[in-house]
Amino acid sequence: METQELRGALALLLLCFFTSASQDLQVIDLLTVGESRQMVAVAEKIRTALLTAGDIYLLSTFRLPPKQGGVLFGLYSRQDNTRWLEASVVGKINKVLVRYQREDGKVHAVNLQQAGLADGRTHTVLLRLRGPSRPSPALHLYVDCKLGDQHAGLPALAPIPPAEVDGLEIRTGQKAYLRMQGFVESMKIILGGSMARVGALSECPFQGDESIHSAVTNALHSILGEQTKALVTQLTLFNQILVELRDDIRDQVKEMSLIRNTIMECQVCGFHEQRSHCSPNPCFRGVDCMEVYEYPGYRCGPCPPGLQGNGTHCSDINECAHADPCFPGSSCINTMPGFHCEACPRGYKGTQVSGVGIDYARASKQVCNDIDECNDGNNGGCDPNSICTNTVGSFKCGPCRLGFLGNQSQGCLPARTCHSPAHSPCHIHAHCLFERNGAVSCQCNVGWAGNGNVCGTDTDIDGYPDQALPCMDNNKHCKQDNCLLTPNSGQEDADNDGVGDQCDDDADGDGIKNVEDNCRLFPNKDQQNSDTDSFGDACDNCPNVPNNDQKDTDGNGEGDACDNDVDGDGIPNGLDNCPKVPNPLQTDRDEDGVGDACDSCPEMSNPTQTDADSDLVGDVCDTNEDSDGDGHQDTKDNCPQLPNSSQLDSDNDGLGDECDGDDDNDGIPDYVPPGPDNCRLVPNPNQKDSDGNGVGDVCEDDFDNDAVVDPLDVCPESAEVTLTDFRAYQTVVLDPEGDAQIDPNWVVLNQGMEIVQTMNSDPGLAVGYTAFNGVDFEGTFHVNTVTDDDYAGFLFSYQDSGRFYVVMWKQTEQTYWQATPFRAVAQPGLQLKAVTSVSGPGEHLRNALWHTGHTPDQVRLLWTDPRNVGWRDKTSYRWQLLHRPQVGYIRVKLYEGPQLVADSGVIIDTSMRGGRLGVFCFSQENIIWSNLQYRCNDTVPEDFEPFRRQLLQGRV
């Protein structure tokens, strides 16, 4: 008995201690912070704690669907949206991202890994900010009471000025701009206190962190040591109370016995107990009844799970309406009580969920996963010799595989004519091309030119043969090349002397050599030049105003430097809010003086139009938050969860084709019943198909209805892209600082299919404005000089000035002449690099591009030609690139004449999920990129199949 009394007193004493000790921490329920005055008070507490508290904790319980995420908690400035402190969950890559304002005014980001939170299950997360007021704070992440990740020695947090408090705003997962895409059950912020006390609040033993167990043990020993004397006194007093209590209980037992005897005597005399109000049970079936003195003499307990009411009357709760527990597309059936979900919709697999109550419905939502129909052993039901492409919740049957002809309706049959030398319609140095409608055409191989039926040697690989060919169709590519050794895919010949301008030392035939002629393409023997630029009056579009760039935006023959209306929209430059972009309506929604047509932030004022990362989104509205990695930030992406860099939206409904189930909005679904739509991009609700070939009449020969027939259309499934054209391009300078700054000078020829760079320049890019998903990109590369030995190449998947892939080639080994910030050594040989620069343009990226190898936070070398051979002067090379960003497939081939000299093989990398194309130079002049060709292509090549299996097995 004395041992039990001692244990009780000890427990009582410990409870008193912890109750008093918990008073030096503050617990704030963030989900209840609503009205402005209350938010200001809470913000002031947080600001003070950041300056004075030892630790600050964010404790939350929530549930996220797979691969989803969002902002968990954020403290922002309403005035300029300054991010003082923010914690968000990036479910797609299993991490928690913490960002805060540093003392130097920059935002610092901390990635906490091993945060598997987006799996449809409920998790408790504790984020500990240790020593926020110290010079080097630390962050600890606990997931379900286990230590997941930690970072110490972080940059100090910037103190929040007191004047900012009234303008602070607290956003949680339920109220943030990027909302948590799940359910937040609780969210508290704890100011001060130790991990032991916070662990008691969250009922966590904190596995994996022995320091916390030690803290609890030490605290207990400290309590016993300090309170020993008081404990003895309290136990003595407690024993006296127990003795008195025992005597009182004995007296009560005697009195109860007397009362019981009296009642028994009354029953003998004829007195009977009153009838129970709970018999029969007046409550709802299954609800407990309890006798009470108040009217009506009973009280009913709570309604059973799944029902609601006062206990007497209970009605069913519709879990389907209140919790939405079923997967989209799966019907929710409400029962009495409870609910159940029907089977996952077609194209998905998962469990059939059933249960009772809203809490259960919210915590046990149905999860359905996509089925890869194409790997069912039956090619998804498509023709065995056709291409099957898996999509989310469905699949689509594509064209016949290479070497087969036909379609899904008629079947894909072997194309014997293209694989039998005795019957092939193509030249021996040509290959077959298979069009969408099943037709076959021929194309000469690399190093050969002609119409495909007849091919001849093409030394400079510009698409024109060295000798004229006897073609029956009078194809222009059968005419003799007017520059045999220098690529000129446009065959320009200003003086019509049969020698192309690219290799004619007097291109205009005026008797003055090109190197001395101030009008190379216009005869002007007098060489008159009224202004101070390098162009004579005969060819100067501003003869009296110096303008070496000769830019003419509206193409009216009058250069921008002297044109009063540069864009030709009828509004003078001085009054035009977009002087270089036609916009006769002058719409300016944000009233910043820059019209919407040329405003990089049309809904946010940014009169300076600064765009530090050259992604065409102004710095003011550039969030750099891109969940799917396709180069478009989530706020502007028409499919924010699916990579679609092209942003194609055929029906202009604001939903990209990649995530739109009815691309043309004609009421016929693209792939699922009552579809598939036989003209997916062109409205045809009647689905008329006169020849029964599976392709509707309205898109028979022009699938995207862009007035360019499919065999000539470089993107047959996009009405926005028809021909290869780099006439409109963006210049990106990768080293914008320096005393000897020389920017590239780009000259575009052949209607945008040829680019020449004339200057020995700093690193720079010429980037087209068309963004691609999957793409085939090829061109001829030629250095038309013998005076230099530096870099040239091309780029793809350009997203901004710090994120793109580049294929680059150096002629000889060389150490870069500026050793700051690090020594960079270039090796000869073709290189494929993934640029993911943290700093962006500047000396770090400049040296990283020059260097052959990996450079932290700048460039990763994905592949280099093992031959380690540089390019040769005045020699033409042809590259072929295949990029399928949806699976990370990259392959680069390089030809010298008809000979394949380099092949990267299959490279798997998903750093950039699509983007724009362009060309690259670094300290190399007189580069020609000729006969440029790109083509949209999302079909995954067959050599990816081994990697697909490895990806599914987690080995790549």
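Each residue's number is its place along the chain shown, starting with 1.
Note: Cβ is positioned from N, Cα and C throughout, glycine not excepted.
Among the features that Swiss-Prot reports, compositional bias 'Acidic residues' is placed at 555-568 (among others).
The feature compositional bias 'Acidic residues' is assigned by Swiss-Prot to 612-628 (among others).
Non-local neighbours of the compositional bias 'Acidic residues' (650-667) in the same chain are 392, 637-639, 641-644, 677, 679-685, 704, 719, 773; each lies 6+ residues outside the stretch with a CB under 8 Å from one of its CB atoms. According to Swiss-Prot, the compositional bias 'Acidic residues' annotation covers 650-667 (among others).
Under the heading disulfide bond, Swiss-Prot lists Cys278-Cys289 (among others), citing sequence analysis as support. Cys289 (disulfide bond) falls within a strand segment according to DSSP. Cβ neighbour count for Cys289 (disulfide bond): 20 (other Cβ atoms within 10 Å of its Cβ, all protein chains included).
With a cut-off of 8 Å between CB atoms and residues at least 6 apart in sequence, the same chain places Pro282, Cys283, Phe284, Val287, Asp288, Cys289, Met290, Asn310, Gly311, Thr312 near Cys300 (disulfide bond), listed in sequence order. Residues annotated as disulfide bond in Swiss-Prot: Cys283-Cys300 (among others).
Long-range C-beta contacts of Cys303 (disulfide bond), restricted to its own chain and to partners at least six residues apart, with a cutoff below 8 Å, comprise Phe284, Val287, Gly309, Asn310, Gly311, Cys314. The feature disulfide bond is assigned by Swiss-Prot to Cys303-Cys314 (among others), with sequence analysis given as support.
Under the heading disulfide bond, Swiss-Prot lists Cys326-Cys341 (among others), citing sequence analysis as support. For Cys326 (disulfide bond), the same-chain residues that are 6 or more apart in sequence and have a Cβ closer than 8 Å to its Cβ are Cys320, Cys332, Cys341, Glu342, Val353, Lys365, Gln366. In the three-state DSSP reading, Cys326 (disulfide bond) counts as coil.
What Swiss-Prot lists as disulfide bond is Cys344-Cys368 (among others), and the listing cites sequence analysis. Within 10 Å of the C-beta atom of Cys344 (disulfide bond) sit 22 other C-beta atoms, taking all shown protein chains into account. Reduced to three states, the DSSP call for Cys344 (disulfide bond) is coil.
Residue density at Cys374 (disulfide bond): 20 other Cβ atoms are found within 10 A of its Cβ, drawing on all protein chains shown. In the three-state DSSP scheme, Cys374 (disulfide bond) is classed as helix. Positions annotated as disulfide bond by Swiss-Prot, on the basis of sequence analysis: Cys374-Cys388 (among others).
Under DSSP, Cys432 (disulfide bond) is assigned to a strand (E or B) in the three-state scheme. Around Cys432 (disulfide bond), taking its Cβ as the centre, 19 other Cβ atoms fall within 10 Å, counting all chains. Here Swiss-Prot flags Cys418-Cys432 (among others) as disulfide bond.
A simple way to gauge crowding: the CB of Cys442 (disulfide bond) has 19 other CB atoms within 10 angstroms, across all the protein chains here. DSSP gives Cys442 (disulfide bond) a strand state. The disulfide bond annotation in Swiss-Prot covers Cys426-Cys442 (among others) and rests on sequence analysis.
According to Swiss-Prot, the disulfide bond annotation covers Cys483-Cys503 (among others), on the basis of sequence analysis. Residue density at Cys483 (disulfide bond): 19 other Cβ atoms are found within 10 A of its Cβ, drawing on all protein chains shown.
According to Swiss-Prot, the feature disulfide bond maps to Cys601-Cys621 (among others), an assignment based on sequence analysis. The Cβ of Cys601 (disulfide bond) has 20 neighbouring Cβ atoms from other residues within 10 Å, across all protein chains displayed. Under the three-state DSSP scheme, Cys601 (disulfide bond) falls in the coil class.
Under DSSP, Cys659 (disulfide bond) is assigned to a helix (H, G or I) in the three-state scheme. Look at Swiss-Prot and you will find Cys639-Cys659 (among others) tagged as disulfide bond, backed by sequence analysis.
The Cβ of Cys936 (disulfide bond) lies under 8 Å from the Cβ of Ser646, Val714, Cys715, Pro716, Glu717, Ser718, Val721, Phe772, Asn773, Gly774, Val775, each of these being in the same chain and 6 or more residues away along the sequence. Taken from Swiss-Prot, the feature disulfide bond covers Cys715-Cys936 (among others), and the record attributes it to sequence analysis.
Look at Swiss-Prot and you will find 316-354 tagged as domain 'EGF-like 1'. Long-range contacts of the domain 'EGF-like 1' (316-354) within the same chain: residues 304-308, 360-362, 364-371, 373, 393-395, 672, each at least 6 residues beyond the stretch ends and with a Cβ under 8 Å from a Cβ of the stretch.
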Segment-level pLDDT (mean, integer) for the repeat 'TSP type-3 1' (457-491): 95
DSSP three-state assignment for Cys621 (disulfide bond): helix
Residues of the parent chain within Cβ reach of the compositional bias 'Acidic residues' (555-568), under 8 Å, 6 or more residues beyond its termini: 540-542, 544-547, 576, 578-583
Cβ packing number for Cys503 (disulfide bond), 10 Å threshold: 17
Number of Cβ atoms other than its own within 10 Å, given for Cys278 (disulfide bond): 17
Listed disulfide-bonded residues Cys278, Cys432, Cys442, Cys601, Cys639, filtered to Cα within 10 Å of Cys368 (disulfide bond): none
DSSP-derived helix, strand and coil totals, residue by residue, for the region 'Disordered' (518-537): 0 helix, 0 strand, 20 coil
Spatial neighbours of Cys432 (disulfide bond) among the disulfide-bonded residues Cys426, Cys483, Cys659 [C-alpha, 10 Å]: Cys426
